[in-house]
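Visitor: As listed in TrEMBL for this protein:
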- 9-154: domain 'Xaa-Pro dipeptidase N-terminal' (DOMAIN)
- 166-426: domain 'Peptidase M24' (DOMAIN)
- 243, 254, 419: Mn(2+) 2 binding site (BINDING)
- 254, 335, 380, 419: Mn(2+) 1 binding site (BINDING)
Ligand code: GLY
Ligand code: MN
């Protein structure tokens, strides 16, 4: 699929989006959907603004991510309208005139000040207005009706071919970054240097990326969301964990890889084992599979690896039941991904609300739904040597289940995580990340 296909794919996607919006508005009893793109936020007692983050409900409709003060209006049975703020401003680069494959589907009104949007919005009384409180303009105060939001967010889990195409592009960027980052690591760069190499190769600056890069050398790999970026390389640099994405058209990819400096050392063997388990889990991304079960399967697979490497002495089932496996794998197996790196509605029981609970003892799982074709999920098992959790384990009733000398051997490497983005289909899963690396 090439960019030449995007206009057709987008047309299909928009038709799908309109029918979802029709149903969502009917659920809530509204006549119009009105979505502000969001506004700039300012730092306290300062005239500096925070990086602008577009309202996801807005970028669902159009691949626009840098247009604060704009509005999307949709009334069932009519063409969607874009009220597009292009301010008179010589201090900043103003948003470019709307262009691209999507413009022919919208009635576009260009405004020069935020207030000029008002006459182009339908009567406020019948509007479902989806946005943050700061986007309020006159009578147009976001009301975020639950019935409308529940319906839209539940169905957003099912990606159309257009969305998969956008995620493929995001993945291409991410893969370019990851390959450059591995080269920088092997050349002896610092975490900060690796991060810069990543951004350069991905062609995206920090605030364009879907989340802050996690670039961790040695023990830092044990900090799940390590974002400090040391300015000097440690000596020696033994291991490297990188969790970094890319974005395209508002869509994200989320990729994690772990490397050992020395291909001959035991940490590389542990990485290979986690990689094998990760690929087996990716192969299980199939319609009808309960993601909660996949998460528990991940615990069993990782516990088997820990036993094989002599780190724990328990059988996998016992490691899971006692919580010992959770000391080494203390996060969820993954999450939905799309317009948001942690996509919404991970616990949604239905498009009319309700919550699917997490398995007891697994508070950090972000996805509890049964997989269906079109869902895109991350699969990101890991094994970490986290001082805080290991100390709790040592003080607890299962201290004997662990070989502490083996822990000490692995602790200087921090941890391992391998993460791919996988599409659930009617048949074989489609692994966007592995496909991206193979293509590169
Ligand atoms: N990529 C970071 C996370 O999934 O939490
Ligand atoms: Mn992730």
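Every residue, even glycine, has its Cβ placed from backbone N, Cα and C.
Quick caveat, the model's predicted, so the values are computed rather than measured.
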Visitor: Could you put numbers on the helix, strand and coil content of the domain 'Xaa-Pro dipeptidase N-terminal' (9-154), residue by residue per DSSP?
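Guide: Helix/strand/coil tally for the domain 'Xaa-Pro dipeptidase N-terminal' (9-154): 49 helix, 26 strand, 71 coil.
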Visitor: When you average the Cβ positions of 243, 254, 419 for the Mn(2+) 2 site, which other residues in that chain have a Cβ within 8 Å of that mean position?
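Guide: Near the Mn(2+) 2 site, beyond 243, 254, 419, sit 214, 244, 245, 255, 256, 378, 380, 417.
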Visitor: CB neighbours of residue 380 (Mn(2+) 1 binding site) within 10 A?
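Guide: The answer is 22.
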Visitor: What is the interatomic distance between the Cα atoms of residue 335 (Mn(2+) 1 binding site) and residue 419 (Mn(2+) 2 binding site), given in whole Å?
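Guide: Roughly 11 Å, rounded to the nearest whole number.
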Visitor: Please list residues from the chain of residue 419 (Mn(2+) 2 binding site) whose Cβ is under 8 angstroms from its Cβ, counting only those at least six apart in sequence.
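Guide: The list for residue 419 (Mn(2+) 2 binding site) reads 243, 254, 255, 256, 257, 278, 334, 378, 379, 380, 433, given in order along the sequence.
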Visitor: The domain 'Xaa-Pro dipeptidase N-terminal' (9-154): mean pLDDT?
Guide: 96
Visitor: Give the number of CB atoms, excluding that of residue 243 (Mn(2+) 2 binding site) itself, located within 10 Å of its CB.
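Guide: Result for residue 243 (Mn(2+) 2 binding site): 25 neighbouring Cβ atoms inside 10 Å.
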Visitor: Which of these binding-site residues (243, 254, 380) have a C-beta closer than 6 Å to some atom of ligand 2?
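Guide: Within range of ligand 2: 254, 380.
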Visitor: Counting other Cβ atoms within 10 Å of each residue's Cβ, which of the binding-site residues 254, 335 comes out lowest?
Guide: 335
Visitor: According to DSSP, which of helix, strand or coil covers residue 243 (Mn(2+) 2 binding site)?
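Guide: Looking at the DSSP assignment, residue 243 (Mn(2+) 2 binding site) belongs to a strand.
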Visitor: Using the Cβ centroid of 254, 335, 380, 419 as the reference point for the Mn(2+) 1 site, which residues of the same chain not in that list have Cβ within 8 Å?
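Guide: Residues close to the Mn(2+) 1 site, other than 254, 335, 380, 419: 243, 255, 256, 334, 337, 341, 378, 379, 420, 421.
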